[in-house]
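Only one structure is covered here, and it is reproduced in the block below.
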Amino acid sequence: MGERDWAGLADGDLVALARAGRPGAYAAIVTRHKAALYRLILAHVRDADEALDLVQESFVAAHGALARFDPARSLRAWLSGIALNKCRDWARRRRVRAMLSRVLPVEAAEAVADDRVGTEAAAIERDSLAHTLAALDSLPEGLRSPLILCAIEGLSQAEAAEALGLSVKAVELRIRRARAALREKTG
């Protein structure tokens, strides 16, 4: 089967072919979903290189767990759940590393010059984006993940609920609370 042939297949068909050991089927799954997983992970870790590594780790983990995938579920939601677990693992490792290693003193970090030259409007936009991202980062994980999955990644509330192991009503409530908290933090 050529690349175009894989593109026409539904996720469930690709999973069945990948489970059967069909060469190229899992690669087609990766090709189809890697951009969405990258955006999801990047929204959590805020580091492009780390996000690429975590996307790869997520797909390796998913490949190993493919036999346990329930075809009645959304593949994207299932992959998103794996990716979120990888983000949580990464955050735990990062906290441990931070405790065990020396951190650059704040004074030294402030002494580094910013070589970027921009207009006043660009500076205001960067500040606004930084403020919004900081507000998003300050949300508890339980509020941040549903908001990112639905508002940024475009998953339905049902798909987000499936990825997070919650009810649709719980996702709806958490998104509402997350948006209210963001409004309060960003003014």
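From the backbone N, Cα and C atoms, a Cβ is placed for every residue, glycine too.
TrEMBL annotations:
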{"type": "DOMAIN", "residues": "30-95", "note": "domain 'RNA polymerase sigma-70 region 2'"}
{"type": "DOMAIN", "residues": "133-182", "note": "domain 'RNA polymerase sigma factor 70 region 4 type 2'"}
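Residue counts for the domain 'RNA polymerase sigma factor 70 region 4 type 2' (133-182) under DSSP (helix as H, G, I; strand as E, B; rest coil) come to 41 helix, 0 strand, 9 coil.
Over the domain 'RNA polymerase sigma factor 70 region 4 type 2' (133-182), the average per-residue pLDDT in this prediction is 90.
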